[in-house]
Every structure is written in C-alpha cells, then in structure tokens.
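Below you'll find the structure, written out as structure tokens, and then a few comments.
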Amino acid sequence: MANSSTRRSRPVRTLVVFAILTMVLPFAALALGVYLDPKSDDNPDGASFAPGLALDLQGGTQVILTPRSTDGSEITAEAIDESINVIRQRIDSSGVSEAEIVNQGGENIVVSIPGEVDQSTIDLVSQPAQMRFRPVLTYAVGLPADAAEGDDATAEGDDATAEGDAATEGDAAAEGDDAASSDDVDARIAQEAADVDPTDPSDLAQITPAVQEKFDALDCTDPANLVGGGGDDADTVLVACSNDGSMLKYILGPMEVDGVHLDSASSGLVPGPNGSVTNEWGVFIGFDTEGTAEFRETTQRLQGLESPRNQFAMVLDGLVVSAPSLDTGVVITDGNATISGSFTRDTAATLANQLSFGSLPIAYEVQSQETISATLGSEQLRNGLIAGLIGLALVVVYSLFQYRLLGLVTVGSLVIAGIITYLAIAILSWQMGYRLSLAGVAGLIVAIGFTADSFIVYFERIRDEMRDGRSMSMAVERGWKRAKRTVLAAKSVTLISAVVLYFLAVGGVQGFAFTLGLTTVIDIAVVFWFTHPTLQVLTKVPFFRDGHSWSGLSPERLRATSGPRYVGAGRVETPATAGVETVGDPEPVLAGASVARPADGGQRMTIAERRAAERRAAASAEQDDQAATKDAGSGENEESR
C-alpha cells in the first residue's frame, strides 16, 4: 500500500520540477538580465548577481523629513506624493544617483542617499517647494544654439482667459548664435545684473551677454536639465526649460507673484460664452487678496506687450510648467483665471495638481539625520554573515548529532532554501529596486532556525511511527500526514506576524518582516516539494529502509531510547520487551496488557486480529495453567500412595 502510494506521488519528478521552477529558471532569467542589462555606474538599476544593499550596509546618509503645514491646513496623501516627486527632482539635479525616497507611514518622507552628502544637498532636500509666476522675456526651441542655428523655431503658448474671456496663443522665433559654456557663467550673470537697472520685470535690458550665453548653451533634450531643483533667486532673471513636453527654453524676468498666494487650482471643462459647457479642458486658478492685487498689476502690464513678452510663466522648482499668454486688453482683476489650450483631461489634471502643490504652505522639518560610513556598513554586513554562518553550523551539528545521516536531509533542505532565497532577493533587487538591509539580514538568520524547526517536526513524527513498529515507507507517509498540519499551522502564524509587522512598522523593522515572510513562504515550498519527496526516495535506499544504526531511523535504537508514553484514556505505552519472540517488526504493548504476536509475514495486525491473538494467547495460557495444575495434582496423589 505504501509502495503504491509512493509510486503514485512520483517523488523524483517532483524534485526535478521543483528544481527547474525555483532554481534553474530564476538563475537563467537573472543571468540573461546580467548579460543584456548589466548593473553599472551608468545603469544603477541593472541586473547583478549580487543583491542590492541598503543604506546601513552600503553607507551613506538617511534623512527623515516631516511635512508641516505653515497655516494649519491638513496635509493630504497627494501632497506627500507630490513632495516626493519634487524632492526626487532636486536630488537628481544635484548629481546624486541611486537615492531612495519613500513614504513612511503616510507621515514622514525618508530620503536615503548613498555615499557622502554635503550640507547643501541636505538643505536642498529640506526646503519647501517653490512656485513662482515670472514674465517671459524670450523663448526658443530647447536646443543649443549651434544645433538650432539657421532654423526657425516656433512654439505655441497656452491661452489664459479671465471669467470666460478668450486668450490667444503667441508665436515667437528665436535664432541663436554660437554658444560656449563657462564654469563662472552664473557669477557673470550676477555681476552683470548688478549693473542693470530695469524699469520693470519685463525689461529686455536684463538679458545681459552672460544670460544670453547661458540661454544659447542650454540643451533641454538633456535629462539633467529637466529635473529642476529650485534654489533660483526670485529677484533675478531665470534661464529654464519647460517640462510640459513642448521642448522649449525660456529667459524669464524676476518673480512677480509668489506661488503661496495661489489660493486654488482645479481642472475641468471650460464654460462657453453663454454659460454652456464646451468640450475643451482647462485649468482654473484663483489667488488670495494679496495675490489678486499682484496678478492684476502683472496682467495689466503684460496685455499691452508684444509676443512673447505678453506671456507669464508658472515656474515650479526651476522648471516652467506652463506659460500662457494674454490677449490685448485682457486684465484679470478678480484673481480668477482660466488657462486653456490643447489640454486633455489628464494634462489639465496634472497641471492643476502641480499648481496646487506649489501653492501649498508646506515646510519640511528634519526629524533625524544619520550618516553611516561605507566601512561601518561593510563591517556590519560581514558580522551579519558570520552570525548567519555560525547559526547554520550549529543547526548542522545538531541535525547530524540527533538524526545521524538523516540530518543530511536537513542540511540539503537548508542549502536549497538558501539558494532560492538568494536568487529571489537578487531578482527583486533588479526588478523592484529592493535593497537588503541589516534588519533584513537578521530576518534571514532567524529563518534558519524556523526552517530547521519544520524538519525536526517531520522527523520526530516519522520516528514516532517507527517506534510503533511501522516500516519506514509507512512511517514516512503517516508521519507526513501528521507533520504537515503542524508545519502549516506554525508557518501561518509566522507569515501573519511578518505581514502585520511589514504594514504596521516602519524603517528597519519592515526589512526584517519582509525577509522573514519571504523565507517562510520558501520554507513551506522546500518542505512540501523537496524534503518530503527526498524522504520518499530514501525509503527505497537499503541503508535507510533497513534501519542502519547510522541512518537515524534504526527501529532497535528508537525503541531502546524511548520511554513510556501516555497515549490517553489512562493508558501508558511502553516498548515491547526484548525477551518476547516476534515475527517481523515487534509491536509495542500497553502497560498491563498481554503481548500479542503479530500476523505472519511481519505485517501489522488489525485491532480484530490483535484481540483474537490476545484471546488465543489467554486461552493457551489458561490451558497451560490447567495442565500444570493437573500435573501437580497427579504428582501429589502418587506421592500420597
């Protein structure tokens, strides 16, 4: 029965399929990724056989920022997400690569920057978003002057209307001269600006030779020039690219309206002249009292200028998000304006969100700043690996001491689980940007003990069955049925704990919970599809099947080392006495019960057969007693004669 069940389960095929799905295919995918998309300084998100390391192991700086409202208003989840986008742009603009910015519990923003970070980068990260309204002095296609020389560049601006008034788009052409960049161009701009006394923010005298040189050299096709970063001086001209997909670059005058005065920004369908709704999408903005007055003065001056100086640019962290123009005679007096143009529903909503975030009175408070040297990180990693190896060695020694050569199954299962875990972490590092932290290493070390616990439960169940006199094949199947329920119950508790920790905790505890949950799932897979099939295969190996003394499954050693066991109903089970002759495997007996001989052929007797054998043994003993009594009586009669 056991042999047919084993054949039906096909353990060898299970082992082969398990190896292909969990090791061969993942390794092939990772190797292909390393070949086609290798990790390098230019491609930090590429594939690598080495898992990515978190800040505490790689070294660097971690800053925890808490957004604070300066006017007491509530900070929404959307504001947190937009803050993360702005901070990421600032870090990218500073030349820092592989920075990690995450939302921690919906309340904090954790910025992890590898390597050494100067104070200017910290200040750049922690400063609030900057939304500013500036007048447009000129613009051109976002290419360097030498690339665009001789080409006419035209671009359309967005329209702005007030209370239903339509605004027209302006066209401009700019032809650049040969440009040469210089390291001190910003210093020259500041120096030349000091010699200029503009009549208003739209005065073209502000375009000094240094400003023109920077404008000509600016390449808006370079991703480095499209990340923004803020930090621009509100009182001087600004040379900036647009990030609205128009591929334009601008020279902008000093700030005229601060974004903090923007009271509202929303998107929707633009109303028609008679109050009807059109199919044109637009963005509706409104200013507070101070902003209304400033914006009225700005529109009053801009509406009388020629294109492109009749445009005003909305600048968020140094990038132009929109630059609508004004029609002649249009003056926005009530602080409410409609930006219309070639908007779609999504682009209108995006612009409204950008304007809303730029107007939010949010400041970032630095809760903590921790710097970890690369040397300390590598030392922590080395100590963690040493601790893991020590734990693994202790488990191996215990397994071999307790289970003899059967402990090699434990060792093999741990090795398989380790390989699968390593491949999983390496692939997660490549595909999802996962980084292994010191807390994650701790989770892997703890998992060694949890994984070994599953094997101990299974092996002890098998030993219990063999103490009852069952063969190894029968003990493996019956022990597995009992052990897998215990294993699943224990692993379920561990997995639930890991999930709860991951979603409720923050920081390093999340790293611990993630690796603990990952290894728990892998442990279940290894026990079901490697450990159990391996033991099924071992039932056909004579060394284990016949119960060699070094196999760890010797029936004689198991019964010799087992004591009385309570089996319920007031009964205690003890091993069969060595002096009882048996055929096949000896049967255990209950204290106070007679020893019954098993059925012929060494097969385990049923309850009915055992009771019948006990009755026969009792009847035989009674007959023997009667015969002995009769013989004793006959002897006494002869003696009396």
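Numbers here mean position along the shown chain, with the first residue as 1.
Just so it is clear, glycine is given a Cβ too, placed from its N, Cα and C backbone atoms.
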In TrEMBL, which of the ranges 132-154, 408-430 has the transmembrane segment annotation? 408-430
Recorded stretches the transmembrane segment (511-530) and the transmembrane segment (408-430) touching, at least 3 CB pairs under 8 Å: yes
Can you work out which residues elsewhere in the same chain, 6+ from the ends of the transmembrane segment (408-430), have a Cβ less than 8 Å from its Cβ atoms? 22-23, 26-27, 29-30, 33, 37, 39, 45-52, 392, 395-396, 399-400, 436, 444, 447-448, 451-452, 455, 459, 515, 518-519, 522-523, 525-527, 530-531, 534-535, 538
Long-range CB partners for the transmembrane segment (436-459) (under 8 A, at least six residues beyond its ends), listed in sequence order, are 51-57, 380-381, 384-385, 387-388, 391-392, 395, 398-399, 403, 406, 409-410, 413-414, 417, 421, 425, 429, 479-480, 483-484, 486-487, 490-491, 494, 508-516, 519-520, 523, 526-527, 531-532, 535, 552
Per DSSP, how many helix, strand and coil residues does the domain 'SecDF P1 head subdomain' (254-362) have? 32 helix, 40 strand, 37 coil
Across the domain 'SecDF P1 head subdomain' (254-362), what is the average pLDDT of the model, as a whole number? 84
